[in-house]
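Marked as (6S)-NADPHX binding site by TrEMBL: Ala255, Gly312, His364, Asp432. As annotated by TrEMBL, AMP binding site applies to Lys402, Ser403, Ala404, Thr405, Thr406, Gly431. According to TrEMBL, the domain 'YjeF N-terminal' annotation covers 10-211. Annotated domain 'YjeF C-terminal' per TrEMBL: 220-498, in sequence order.
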Amino acid sequence: MRRCYTGAQIRAAEKPRLEAGDGPVLMRRAAWGLAHHTFQLLATRAQTYGSRVIGLIGKGNNGGDTLWALSFLAKRGIAIAAIPINTTPTDLHPEGLAAFRRAGGRIVDKIPTDTAAVIDGVLGTGFSGSFDLPGYLATNHLSIPATAAVIACDIPSGVLADTGDIPGAALAADLTVTFAGPKVGLFAEAGSQHSGTIRVVDIGINDQLAAIDHPWWIAEIPDVAKSYGTPAWDVHKYSRGVLGVVAGSAEYPGAAVLVVNAAAATGVGYISLVAEPPRGKTVADKVISANPQAVVADQLTDKATAVVIGPGLGETMRAKDATGAALQAALRLQIPVLVDASGLDVLQAEVFELGFAALVLTPHVGEMRRLTQRLAPDLAEHSVVDQAAEFARRFDTWIVLKSATTYVFGPHGIRSVHPGRTPELATAGTGDTLSGILGAGLSRLRPEDHDFMQRLFHTLSAGVRLHSMAGELAARDGGVVVSTLEHYIRQAKRQDLE
Ligand SMILES: NC(=O)C1=CN([C@@H]2O[C@H](COP(=O)(O)OP(=O)(O)OC[C@H]3O[C@@H](n4cnc5c(N)ncnc54)[C@H](O)[C@@H]3O)[C@@H](O)[C@H]2O)[C@@H](O)CC1
């Protein structure tokens, strides 16, 4: 798992160094890294000596970094120029501007058509409110040639470092060179679609960053193998993981099929479908014809090591009873419980007091808002991401908030972020598939292990990654058809996508 940070966390880590007077040193390290990666990018395009690089410069330190970086590039034979954005040359970072001028840089008011790269150094982590850089450029007749690379200094201007939201508009970068540690805004929401390739420059504050409480985490491809890879050589079907599935109804039998398909493709020792009569008949028939290895029972087996409750259960009294009975059994067995879809709407506040081994809720944005409205109405004014984070903390539970960006929040502030890698996953049934993947992962955990919580977090985060890898593979293969996603889950488990 890789760490990333809010703007405030990065500022807190820098603070002692700034107070010790190290600001200029940190800035020059950042600028050196920005110049290095810019040069590397130009080299891959065979555009180094004599190429032109233009900086779009704001009045803060982000502009200062860019001016310094341009001065370093000039020493490597690059023709440099800068355009102040929303400010005047007299308001630019003084030392940066002096270095830039010493290196022969000129302030200009046009972007020449032979420009090889534009560095966006208008706004960095000091950005708040709203800004529309593309609109500003259009109004001022500054057009970036289609052949020029766009390189963002630290973060594309207009992206909020803490959330990835873009309240105005931002340039989409080919490359973002970010300092100290990656900002969460480069991976979340619209920011994730504007950051391009991300390079991190070590500016010498890693010790301070390591000490930060509650960074954000990101699951990387190797993490999938850690949580979902080959089981121990000596497992048998029960010790590998027994997943109970309480899903499907006469109205939505397909949801149960999708959960079971995904769990089977992810890898589990035994799948027990809880399908008591009369809803059981249709659901059981459909699941068994798709997955003959699943075993149908009318209640949760005592051998279960995790249970998924909710997909396609519907809103009938019977669905509520099935949810209640499965929760009681899971409590008695002390196994992790995942509640999704219809199951979420019947959860009452008391459920959170019961003391499950772990309770994981996987709402999409609409379901999260409904949960908040019902159980924590005072949070309703917050963003849905903040609602999920606070809900997890308040109710001592785990939330996987599904949207274009997916978030995992744990009870004690632990959290991970997962950029949307393909909009193809925005189709009915992909949530059921995620429940199946995560259910299979949960069934492998042992609540009695000392590092159970850590493993649980990794399982949820890596499972979200596995799901999006499967989506990406399906998208490349012509699009996501949910009933075939299990095929891509298996492919994703063995394929290095990057
Ligand atoms: N703090 C540090 O030690 C380091 C900071 N570095 C750089 O410093 C940046 C942060 O610098 P700053 O704090 O000066 O902030 P920025 O350079 O991001 O921008 C600050 C300026 O933009 C203005 N501004 C904010 N929102 C605006 C809006 N919506 N419309 C118009 N103007 C707006 C602010 O009033 C302020 O004048 C980082 O992103 C990074 O590039 C690097 O040099 C590394 C070291």
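The backbone N, Cα and C atoms fix where each Cβ goes, glycine too.
Here Thr405 (AMP binding site) is positioned 23 angstrom away from Ala255 ((6S)-NADPHX binding site), judged by their C-alpha atoms. Comparing C-alpha positions, Lys402 (AMP binding site) sits nearest to His364 among the binding-site residues Gly312, His364, Asp432.
Excluding the listed site residues Ala255, Gly312, His364, Asp432, the same chain places Ala247, Tyr252, Leu258, Val259, Gly310, Pro311, Asp340, Ala341, Ala428, Gly429, Gly431, Ser435 with Cβ atoms within 8 Å of the centre of the (6S)-NADPHX site Cβ atoms. Taking the C-alpha atom of His364 ((6S)-NADPHX binding site) as reference, the shortest distance to any of the binding-site residues Ser403, Ala404, Thr405, Thr406, Gly431 belongs to Ser403. Taking CA atoms as the reference points, Ser403 (AMP binding site) and Asp432 ((6S)-NADPHX binding site) are 14 Å apart. Note on the binding-site residues Ala255, Ala404: the fewest other CB atoms within 10 A surround the CB of Ala404. Cβ proximity to the AMP site centre (mean Cβ of Lys402, Ser403, Ala404, Thr405, Thr406, Gly431, cutoff 8 Å) flags the following additional same-chain residues: His364, Val365, Leu401, Tyr407, His418, Gly420. Taking CA atoms as the reference points, Thr405 (AMP binding site) and Asp432 ((6S)-NADPHX binding site) are 17 Å apart. Candidate binding-site residues: His364, Lys402. Fewest other C-beta atoms within 10 angstroms, His364. Note: the Cα of Gly312 ((6S)-NADPHX binding site) and the Cα of Gly431 (AMP binding site) are spaced 11 Å from each other.
In sequence order, Pro311, Asp340, Ala341, Thr362, His364, Lys402 are the residues near Gly431 (AMP binding site), counting only same-chain partners six or more apart with C-beta under 8 A.
When other Cβ atoms within 10 Å of the Cβ of Gly312 ((6S)-NADPHX binding site) are tallied across all protein chains shown, the result is 24.
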